[in-house]
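Peer 1: Taken from TrEMBL, the feature region 'Disordered' applies to 246-325. For 319-422, the entry in TrEMBL reads domain 'SRCR'. Residues annotated as disulfide bond in TrEMBL: Cys391-Cys401.
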Amino acid sequence: NDRGPVYRIPPDNPFVDDPQARPEVYAYGVRNMWRCSFDRGEPDTKEGKGRLFCGDVGQNKYEEIDIVEKGKNYGWRAREGFSCYDKKLCVNSSLDDVLPIYAYPHKMGKSVTGGYVYRGCESPNLNGLYIFGDFMSGRLMSLKEDHATGEWQYSEICMGTGQTCMFPGLINNYYQYIISFAEDEAGELYFMSTGVPSATAPHGVVYKVVDTSRRAPPGKCQVEPLPVKVKSKLVKFVPKEKLIVKTPTPRPRLRTTTEAPRRGWPDPATSHTPALDRVDQAPVNRSVMLVPATAPSPKPGKGERKGQRRKKKPRNGAVRLMDGGSRGRSWGRVEVYVNGEWGTVCDDGWSSAAAAVVCRQLGFPYVVRASKKAEFGEGTSLRILLDDVQCSGQEKTLLECAHTEVGTHNCSHEEDAGVVCTCPLPN
């Protein structure tokens, strides 16, 4: 333009004729939108086409996902998520504020990264899911619309360590700090992340989201690439995972201890052993297995001889799985040894990445499920030692993960964490 801004304002913008508003404003009441995307709609019916999804980074407590509509008020700074941020403003705010379709607390992550509604062809399990992440915690999450109620149901994308998870089957092997999402001309989904918490990091990786648990039939997803003018050389995409056919894995040996674990391997009749579809190309050291922790030994009584060997105390950060008093099993409530005492892990944000650390400590290479809400019983006889545990999945012990101060928590034993571990069954 010769006069005014160097951009055009659509004539149907909501505040074009309002002298007290900037004419370029489309919606308001947002805080810090980090990545918005348009839904390209269901391929056949085009249902949902044109919806604008945005992740709005919160201030103190909550991150939110909004569907942004023309001329609507999204509540900031009266509201943060579904809660009041400024109580005075919240009381006096208009009644037509648009609430988010989903909000999550800072227990789960502290900086939302908005994503896309998956409309691709290759991974039919993901169809219609809004997939997004968190920059700080590295969680990959999804929302599914309930068409009957209009509500969006949350589901953390199930991640495994070199195995296929129950839903969907993705490999938990990526840089934690998720910066942005993207889709290609076929609607397939990508995200990029770095190994340092900075959006200006000079290096990182672009990942393609592939659901290994169910793929489209070969040849179905035929896409004619659109010609794109580029100034640099094209770099061909080469995946760093390799496809494997279920190969038998030798039973790993545990180091000799003063107390051998009982039934340390899952029962073939009851175990939930997922198929092994894809593994990371980097070699996995399966020969070094940590020993299941044992309870601290009492001091020798009168009937014991002085020269009798005493059991070793567990190391700081050791874990054990407990259910009904049995030890050494592949599933149970998580208990951790910290500073000379056993206690429980209580965390309503307990994830499969943290569960993978527990399984690895106990000598199991895979985690099947990270259970919450005291599925394997409550450890009411013990103190709650860890809460708000956030792991990348590669730590050696739970104490290496981010967590609140030992003994500090805001939950009850009803939220005691549990895990189900497994390893490939021998032939």
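Placement of Cβ uses the backbone N, Cα and C atoms for every residue, glycine included.
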Peer 1: Identify, among the disulfide-bonded residues Cys391, Cys401, the residue whose Cβ has the fewest other Cβ atoms within 10 Å in this structure.
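Peer 2: Among the disulfide-bonded residues Cys391, Cys401, the sparsest Cβ neighbourhood within 10 Å belongs to Cys401.
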Peer 1: What are the helix, strand and coil residue counts for the domain 'SRCR' (319-422) according to DSSP?
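Peer 2: Helix/strand/coil tally for the domain 'SRCR' (319-422): 16 helix, 38 strand, 50 coil.
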Peer 1: Looking at the domain 'SRCR' (319-422) alone, can you tell me the average pLDDT?
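Peer 2: The predicted confidence over the domain 'SRCR' (319-422), as a mean pLDDT, is 87.
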